[in-house]
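A short write-up of the structure that comes next.
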Amino acid sequence: VTAGQTVVVFLTRQSTIELFVNRLDSVESVLPYEYTAFDFCAVEAEKRPSENLGQVLFGERIEPSPYKFTFKKSEKCQLVCNKKYNTNLPTDKTYMDFLKKGMLLNYQHHWIVDNMPVTWCYDVEDGQKFCNPGFPIGCYVTEGGQPKDACVVNSDFSEKDTFYIFNHVDITIHYHVVETGELGARLVAAKMEPRSYKHTNADAPDCQGGPMFIKNKDSGDMKIPYTYSIAFVEDKKIRWASRWDYILESMPHTNIQWFSIMNSLVIVLFLSGMVAMIMLRTLHKDIARYNQMDSVEDAQEEFGWKLVHGDVFRPPRKGMLLSVFLGSGTQIFIMTFVTLFFACLGFLSPANRGALMTCAVVLWVLLGTPAGYVAARFYKSFGGEKWKTNVLLTAFLCPGVVFADFFLMNLILWWEGSSAAMPFGTLVAILALWFCISVPLTFIGAYFGFKRTQGIEHPVRTNQIPRQIPEQSFYTKPLPGIVMGGILPFGCIFIQLFFILNSIWSHQMYYMFGFLFLVFIILVITCSEATILLCYFHLCAEDYHWQWRSFLTSGFTAVYFLVYAIHYFLSKLQITGLASTILYFGYTMIMTLIFFLFTGTIGFFACFWFVTKIYSVVKVD
């Protein structure tokens, strides 16, 4: 029975069921640690399951454990090992202090059987059950007698300034007997209850006596026995194909997701109505009126957006940077679309550990060609001639900023001894993917983009002398429009954002990719429509600098994302410590940059299409 892959395993009476252990993590710290860092019972010289790139990037470290069971053989209070500590010895004191720190910060075990998480199911409000794919090391009762975290579940945990360790687990494995085809059974659920026993005799445990506790100020010799009980239950209701459902059903809340979707759809319908009204009524009238003007006198009385036809395709300032952003944004957009599409089809479910991240990274690497092509085409249309600089910036600017941030975060993780620290070999592999595959593909895309002799054709000629832009009212100035433009797209996604941040920082499983794909489509529509709307108002006010404004209008959604991430950190998380705080904001800045490029590119392309369309149907003398 393996840890890292989903296979149909037929269990017979002689089958050995192996339990694997993963990294330990906490909602109060961003730093995960390997199982062995806490000096739990470990198994020597067994080969670790191989991990894919996504698992390594998320800090998963799966390793074998000494917990091994025989199918259908129930056992009671079996000793796994005794851990002895003498706090007068520096090594033992370090291990004991680290164990206490783990209990204080509510670090959670994550165990795996047949690629299924071993879950701790308990009752929550309204008679519902919540199945947690982890369970705590232990808990702490403060000097004031206040029980923290899991200490509230047992009234015996009452000693002041004391740590209680969960040194015993009652494991129940549910199986489904296969009645057709190959005979045997399939494992459909693994549940457990953490318990704390001092045991009358640590060398021959009996699961009796009070809870196992460690006084905060205790010193000298200490002994912690680790034990388990195992039971097997036949379950005819759960089928192997739906064995994850009992975990996912207890996760947060599908009805909130539907509320989020309905909320987003209302915004989309409102915007669509506005855009349709402009396109069908106002624009139709404008175009008809402009095309009926025959005389020179009429032409001199032009007004509205037709006035700026000779300047609307004037190359923007900082065209190099805009084209590079558009190239990187196109790469991110296609990567996100394809990843979410595959996730909707079920290829990237939680059962395929690390598959989502692996898919995203591989797609990003392979999509260097569209990035180079889009950047080159637009840079050429902006009249740029420094094509070498453009190609190099497209290949290295945005990926380089992300990698530099990621590398600094990795140094902090390495310094703290966290399991999430990227091994040197993996860093080299990521750099190799970037330099040996992504960069050459970007160069190829840029080559085809620059080689095309025919640039992007504009429907109107650009005048040699720039037109003076009249004094703008407050709401048509750049900054108010940009700030307003990001509100509606953010309103469509903020509820979904809560669940995504929960899955990243509160270690909850995310599986509602159907909802997420729907929200993705709604976000693309909302960004496009909001940008087109504001673009039309600015053109009517005779302000033709639409290129950067359209990019920043949609891109400003990322600023609202950053504000929400800060609010989430302050109100929802209990993260403590400088290193964890730096890591949270370091990774948030990476997400903000990616989201900025993604939404900005959507806004620019929507506005580019709109401007090209309206000026192509107007007769210009």
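Cβ atoms are placed via backbone N, Cα and C, with glycine included.
Feature list (source: TrEMBL):
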{"type": "TRANSMEM", "residues": "258-280", "note": "transmembrane segment"}
{"type": "TRANSMEM", "residues": "324-348", "note": "transmembrane segment"}
{"type": "TRANSMEM", "residues": "354-379", "note": "transmembrane segment"}
{"type": "TRANSMEM", "residues": "391-415", "note": "transmembrane segment"}
{"type": "TRANSMEM", "residues": "427-450", "note": "transmembrane segment"}
{"type": "TRANSMEM", "residues": "482-505", "note": "transmembrane segment"}
{"type": "TRANSMEM", "residues": "511-539", "note": "transmembrane segment"}
{"type": "TRANSMEM", "residues": "551-570", "note": "transmembrane segment"}
{"type": "TRANSMEM", "residues": "582-611", "note": "transmembrane segment"}
Positions on the same chain near the transmembrane segment (582-611), where near means CB under 8 A and six or more residues out: 30-31, 312-313, 322, 325-326, 328-330, 332-333, 336, 398, 401-402, 405-406, 408-409, 412-413, 485-486, 489, 505, 523-524, 527-532, 535-536, 539, 546-547, 550-555, 557-559, 561-562, 565, 569, 573, 575
Within-chain partners of the transmembrane segment (391-415) [C-beta distance under 8 Å, separation at least 6 from its ends]: 31, 59, 320-321, 323-325, 327-328, 368, 371-372, 375-376, 421-422, 427, 430-431, 434, 438-439, 442-443, 446, 579, 582-583, 586-587, 589-590, 593-594, 597
Cβ-based contact of the transmembrane segment (511-539) with the transmembrane segment (258-280), 3 or more pairs under 8 Å: yes
Contact ranking winner - 324-348, 354-379, 482-505 against the transmembrane segment (427-450), Cβ under 8 Å: 354-379
Annotated stretches the transmembrane segment (258-280) and the transmembrane segment (482-505) touching (3 or more Cβ pairs under 8 Å): yes
